[in-house]
Every structure is written in C-alpha cells, then in structure tokens.
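Asks: Before we start, here is the structure in question, set down as structure tokens.
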C-alpha cells in the first residue's frame with residue numbers, strides 16, 4: 001500500500017513530464033507526414049504554395065540572365081521560357097517523387113535561359129546566337145555524369161564519407177550565399193518587402209495554432225463547422241497574395257511611381273506592360289523547340305562542375321527534407337535513385353531547351369520547415385499543377401506580374417530558413433568538440449571569402465588552357481562547392497570518432513528512426529508493387545537502386561534481437577526501481 005502511495009506522485013510527475021514532452025514534440029511534428037494524404041482541397045492550396053515558392057527561384061533565371069542573352073526587352077519570350085521551365089519541372093518532380101528519392105522533393109533549375117527565335121530578330125554573327133544551342137547540347141552531355149554516378153551506386157559509396165559536417169556547410173551556404181540576390185530584390189521597395197516578410201512570419205509563427213472555423217458537411221454530423229489551421233498550412237501563399245493585392249491597389253491609384261528611374265517603381269504590378277494580353281492562351285513545350293542543340297567542350301566541363309555541386313547539394317537536402325517531413329533517413333538505394341533521376345531530369349531539360357539542369361529544390365526545404373507539411377501527395381499534385389500551368393501561357397504571364405519586392409520579401413524568409421536547416425544537421429554531432437567547431441566554422445567562412453575574391457579577380461587563374469581556366473573559375477566561385485569540399489576533406493582527415501562526427505552505424509540509425517516515425521520500406525520502396533516483385537530475387541542485391549528483401553530480413557532479425565535486449569534491460573531497470 002505504501003509503495004502504491006509513494007509511487008503515485010512519481011507516476012503523476014512522469015505523466016506530466018511525458019505530456020509536456022509530447023506537446024513539445026507535437027509542435028515540431030509535421031502536420032502531414034510523407035505518406036499522409038490531405039483532403040483534396042488542401043492538396044490544391046498546398047500545391048499552389050509549392051508552385052509559388054518555386055516560382056520565386058525559377059523566374060529569377062530569365063530575369064537575371066536576360067541581358068546576356070538579349071532577352072531583357074522581350075517579356076513574351078521570358079513568359080514562354082517560364083512556361084517551359086515549369087512544364088519540365090513538373091515532369092521531373094513526378095519522376096523524382098514516383099521513382100526517385102520518393103520523399104518531399106521538388107525539382108528546380110538553376111542555369112542560363114534560352115530565347116525564342118520566333119520573337120527576336122537574331123543574326124548568326126551575334127555573340128548571343130550560338131549560346132542557347134551550345135547550352136542545350138552541353139547540358140545533355142554533362143547530365144550523363146550524374147546519371148552514371150547515381151544509377152551505378154557510386155554516390156552510395158561516397159555517402160560513407162559524407163557526414164553532417166559536410167552537408168551542413170553545403171545546405172547553409174545555399175541560403176547564405178544568396179543574400180545579395182534576396183537583398184537586391186527586397187531593396188527595390190523595402191516597405192513592400194518588409195510587409196511580405198512580416199506577413200509570412202506572422203502567419204507561420206504567431207498565428208499557426210489559431211484555427212479558422214469553416215463550414216463542413218458529413219453524413220454523420222451533417223452541416224457543421226470545422227477548425228481549419230490555414231495560417232499553419234499556407235502561410236507563404238497568404239503572405240504573397242496579400243502583398244500582391246496591396247501592390248495592385250497601390251498601382252491602380254498611382255501611389256507607386258510610374259517613372260522607371262524612381263525608387264519603388266518595381267513594386268508596381270504593371271511593370272511588365274501588357275504581357276498578359278499578348279501571351280497566348282495555350283502553349284505546349286516540346287523537345288528541340290528552340291533549334292538543334294550543339295555541343296561545346298567548355299560548356300560541358302563547366303556544367304559538369306555545376307552538376308558535381310548539384311549532387312553534393314542534393315545529398316545534403318535529402319536527409320534534411322526527410323527529417324522535416326517525418327520520414328526516416330533515406331537508404332542508399334533511394335539516394336542513388338534520386339541522383340540518377342536528377343540526371344535524367346537534366347537530360348530532359350536539355351532536350352526541351354530550358355537552358356539549365358535540374359536539382360533538388362532547396363527552397364522546398366525551407367517551405368517544409370515553415371509549413372510542417374511533408375506529404376508526398378502534395379508534391380505529386382504540385383507536379384501536375386506545374387505541368388498544367390506550363391501549358392497555359394496566360395497563367396504563366398500573370399505570375400510574371402508579381403512585384404520584385406514581394407519576391408524579395410519571400411526570399412528573405414526562405415533563404416534564412418535554409419541556412420538554419422543546414423545548421424540543424426549538426427545536432428547529431430558533438431558541438432562541444434573543438435574539432436567540429438573548427439571544421440564547420442572554417443568551412444563556412446572560407447566558402448564566403450574564396451568565391452568572393454575570385455569573383456572580384458576573374459583573370460587571376462591563367463593556366464594557359466582556356467577550358468581549364470573556366471572550369472577552375474566556376475568551381476572556385478561556387479560557395480557550396482568550396483564549403484562542401486573543405487568540410488569533406490577536414491572531416492575525413494582530422495582525427496575524430498564516429499560519434500563525435502555524427503556518423504553512428506547506419507543500421508542503428510534506421511532502426512531508431514523507424515521506431516519513432518515511418519518505416520523505411522513504406523517510404524522509399526519502388527511504387528506499383530515493383531519492390532515486392534523484384535526484392536525476393538537474389539540478383540537484385542547487385543543493383544544499387546533496388547531494395548533487397550534479404551537485407552530487410554536481416555534488419556528485422558536485428559530489430560527483434562534489439563527489442564529482446566531492450567525488454568530484458570527494461571525488466572532489470574523496473575526491478576531495480578522497485
């Protein structure tokens with residue numbers, strides 16, 4: 001009796017502590033995990049949010065590089081280019097979610113754009129004339145490297161040496177290195193950009209737990225009201241739409257300056273002119289639409305350098321995206337498929353003539369961290385949504401009217417969250433270790449200094465071979481390459497234990513994560529029953545991109561043994577407590 005009375009306060013305290021931990025864990029738990037399927041109307045809104053999040057990064061490609069490709073005064077060509085990029089991005093997204101990494105990954109592009117020869121008078125002697133065709137062919141050839149590394153399983157072998165101290169600088173530098181791009185857009189009108197940022201922060205952080213009553217109907221409850229956490233689910237979309245509407249009202253009443261030379265002109269919604277009226281209702285991108293591709297050796301080597309950076313970036317994005325979406329760490333076969341499918345996406349992008357390659361969309365990691373929505377179904381709908389909008393010319397033209405400072409305000413939040421998401425990869429390492437502090441700090445700081453210096457001194461590299469000079473210049477001016485290379489080298493050469501480096505046994509990590517989240521089989525297996533048909537075959541073990549059933553059986557045996565050991569340990573602990 002006395003033991004029961006004495007045990008009651010302890011049990012109550014334990015429950016209180018446990019409930020507190022559950023509340024704290026529930027706050028950080030995704031609203032929809034990777035295998036969850038939200039209601040159809042939520043899928044549409046969330047897919048639109050992912051579309052608009054990707055839109056900010058994709059639309060910047062033709063705008064930034066339009067002058068070098070003689071596109072700065074051709075809004076129609078820019079609009080069709082945006083349609084083509086989103087169409088191919090939708091195709092690559094469907095490929096990645098269905099057969100690739102199968103996590104909440106959105107495909108994105110980063111490289112030069114092309115121009116539409118039908119709308120622009122070109123001359124064969126024009127320096128811009130041959131650039132689009134060489135770019136197409138070079139992308140297609142360079143993508144073969146990524147296909148080989150992915151489907152051969154070589155990337156899985158490299159994963160043995162790529163730990164948090166390598167991926168953390170890479171992901172963090174994606175956000176940190178783009179501060180100038182975000183600042184230039186936000187600086188076009190600080191009032192509008194600050195309002196956009198403030199709205200996204202307000203919706204995603206302060207109002208995220210406040211529900212909005214909405215009418216609903218069911219057979220059991222009939223007509224009733226339901227709680228809808230709109231601020232938690234679509235804060236980015238709400239912030240963009242509200243700021244866009246404010247800019248539209250200010251444009252109608254001529255509050256914003258109409259003179260392009262005056263500050264704040266880019267906040268107007270009519271900067272693009274009558275691009276919506278001139279755009280066609282329907283357009284269908286197709287391979288070779290810009291002309292016959294050609295191959296440039298310099299372009300191939302330069303794009304290969306970009307593909308190497310893209311693969312390293314994706315390796316850093318996959319675990320981060322999996323953690324934020326409530327999925328276990330991706331196994332080796334899923335990572336290999338993801339890299340291989342990205343290579344296929346780059347090959348497809350070169351054929352369609354987007355003028356750039358495909359990679360995992362890092363801003364999507366930021367959207368995951370803010371919205372807490374990691375559903376794979378949402379990304380599938382986003383892929384179909386982008387394909388559809390890629391065929392509607394006027395819809396793409398409408399989105400080109402989003403003011404520059406609105407995009408800048410969104411990027412301030414996005415890139416900040418990306419930088420923080422990269423640093424969060426260090427939570428599995430021992431950051432009390434001076435070794436780890438040195439590796440991470442030196443990698444980050446050097447990756448900010450070295451590219452900046454080479455950008456200011458482009459003629460410093462002179463080996464006598466033009467192609468080599470260009471490749472070295474591209475590599476040394478890429479922040480994520482410098483940071484990732486230094487982190488990789490120092491982490492694998494400076495003495496340190498696996499626990500200190502955050503590299504525990506992979507099987508142990510999978511077992512622990514599968515115990516608290518979704519199973520690896522459920523998330524990363526091939527779709528349509530392909531895994532169940534192939535996994536029982538013994539020869540499948542030699543295919544790097546296919547899961548093998550025998551490996552799963554060994555993992556299950558290890559799980560049973562570990563559970564028996566944990567049960568025995570628990571019984572001893574409880575007996576000792578009594």
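Yeah, the Cβs are placed from backbone N, Cα and C, and that goes for glycine too.
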Asks: If you look at how TrEMBL annotates this chain, which of 529-553, 554-578 comes out as region 'Disordered'?
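Replies: Spelled out, TrEMBL records region 'Disordered' over residues 554-578, not the other listed ranges.
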Asks: Choose the correct range: of 406-425, 506-525, which one does TrEMBL annotate as transmembrane segment? Give that range.
Replies: 406-425
Asks: Do you know which of 5-23, 81-99 TrEMBL annotates as transmembrane segment?
Replies: 81-99
Asks: To which of the residue ranges 108-127, 188-207 does TrEMBL assign the term transmembrane segment?
Replies: 188-207
Asks: From the ranges 342-360, 437-455, grab the one TrEMBL calls transmembrane segment.
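Replies: In TrEMBL, residues 437-455 carry the label transmembrane segment.
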Asks: Under 8 angstroms for C-beta pairs, at least 3 of them, ignoring pairs fewer than 6 apart in sequence. Is the transmembrane segment (437-455) in contact with the transmembrane segment (188-207) by that rule?
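Replies: Not in contact, no.
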Asks: Out of 81-99, 165-182, 188-207, 406-425, which stretch touches the transmembrane segment (378-400) the most, going by CB pairs under 8 Å?
Replies: 81-99
